[in-house]
Structure formats: structure tokens, C-alpha cells
């Protein structure tokens, strides 16, 4: 393996010492803002890890569609693989990786469904074609052919040719409420910075720990 990529200039890394942060939400917000300014594609993309009832893990990329002190929100079909797994085991982990900044953030915690009002409000902001696609798709189910999918899309488009497209009853969102954050920043020669924030419950203060790289 070629390790020349390990030799990086300090000026490439960060502005300010993130290890001095006292709580994780403001730090994440600051890093996300920098990623939004510098990351060429989807700075809100995150890897979502779930596990089924047998404990077998699963992983996929999704888009974060909301973030505040309550947690991170994403949307999908309730009957999708992720939806079924979260119903059986309502815990998850997230990973944000911003290559242009040489940073990543890990998040772990329990998952709860968003309210119908939240799901309705977000669905109303989606492009019309995406709304129609949500009706046509049976996410994670076997599909006979691309043509069959396009025919289903055309059928739903005709059905909702006039007026607003309502949210499908089987389409909603989830919120992962963090009990753990880890902020990782690349440093030369693999001497990285890692800061972990943990709490045992939502009403317990955060404990910050610096970790060996």
C-alpha cells in the first residue's frame, strides 16, 4: 500500500481546536457548515447502520433531512429493509464522512418515528416526481423489470395529475437521538484527533473523552 497520502500539511486540516468543544451538537453544526461549503457532493449524506431481529447488521447511505438537539432525521418507506429492521430493533448508528475536510462523525442512539405532521411537512417539500415515485415504489421488494417500475410511475402520475400529491401512508421518517458522538479529524502519520461525547440517558449531561487514534 502506498502510504504517501499520510503526509499531509497541517494547514489542510482545521481552523480552531475542536477538541476544546464542551458539547457535541454545536460542534456538529459547525462541522456541517464547513462541509456544506467545501464538500462537492451531498454533505448531508450519512451511512445508516441497523440490525435485524437476529442481530445481523445492515448498512446503507441515506440523506439527513433534519438535525437539532433532538437528533438526526431521515425518511424512507416503512416497509423497506431499514424500516423493518428499525421496527424490530429501534437502535442505529450513523457515520458522516467529509473527505474534503478529512473528518468524520459517528453517532449512536435509539430511534423513534417522527410525527405524522413532521413527515407530511417534509414530504410536501419534495419534488413532485419524487413524491409520485414514493407512491410507485415498493422499496426493497423484488421488481420484475425497469419497465414495470416506469409503468407504475406513469400510473401514479396519472392518478395525481391535478393537485397536491399526499404522503403515502407507508412512507415516513425516523429520528436517531444520540447517546454517543465521536468526532475524528485526520492528522499526519495517522496521529489523528478523536473526541468522544457520551451520555447514559437523554437527561444526563455529556461526558467528553479524548481517545487514542
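From the backbone N, Cα and C atoms, a Cβ is placed for every residue, glycine too.
As given in Swiss-Prot:
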- 60, 61, 62, 63, 64, 65, 75, 76, 82, 104, 139, 140, 184, 194: FMN binding site (BINDING)
- 65, 122, 126, 190, 191, 192: substrate binding site (BINDING)
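Separation of the C-alpha atoms of residue 60 (FMN binding site) and residue 122 (substrate binding site): 21 Å, rounded to the nearest whole number. Fewest Cβ neighbours within 10 Å among the binding-site residues 126, 190: this applies to 190.
Close to residue 65 (substrate binding site) in the fold, though at least 6 residues off in sequence, lie 44, 73, 74, 75, 122, 173, each with a CB less than 8 Å from its CB.
Its own atom aside, the Cβ of residue 62 (FMN binding site) has 17 Cβ atoms within 10 angstroms in the protein chains shown. Reduced to three states, the DSSP call for residue 192 (substrate binding site) is coil.
Cβ neighbour density within 10 Å is lowest for 60 among the binding-site residues 60, 82. Taking all protein chains in view, 15 other C-beta atoms sit within 10 angstroms of the C-beta of residue 192 (substrate binding site). Fewest Cβ neighbours within 10 Å among the binding-site residues 75, 122: this applies to 122. Counting other Cβ atoms within 10 Å of each Cβ, the binding-site residues 64, 191 show the lowest value at 191.
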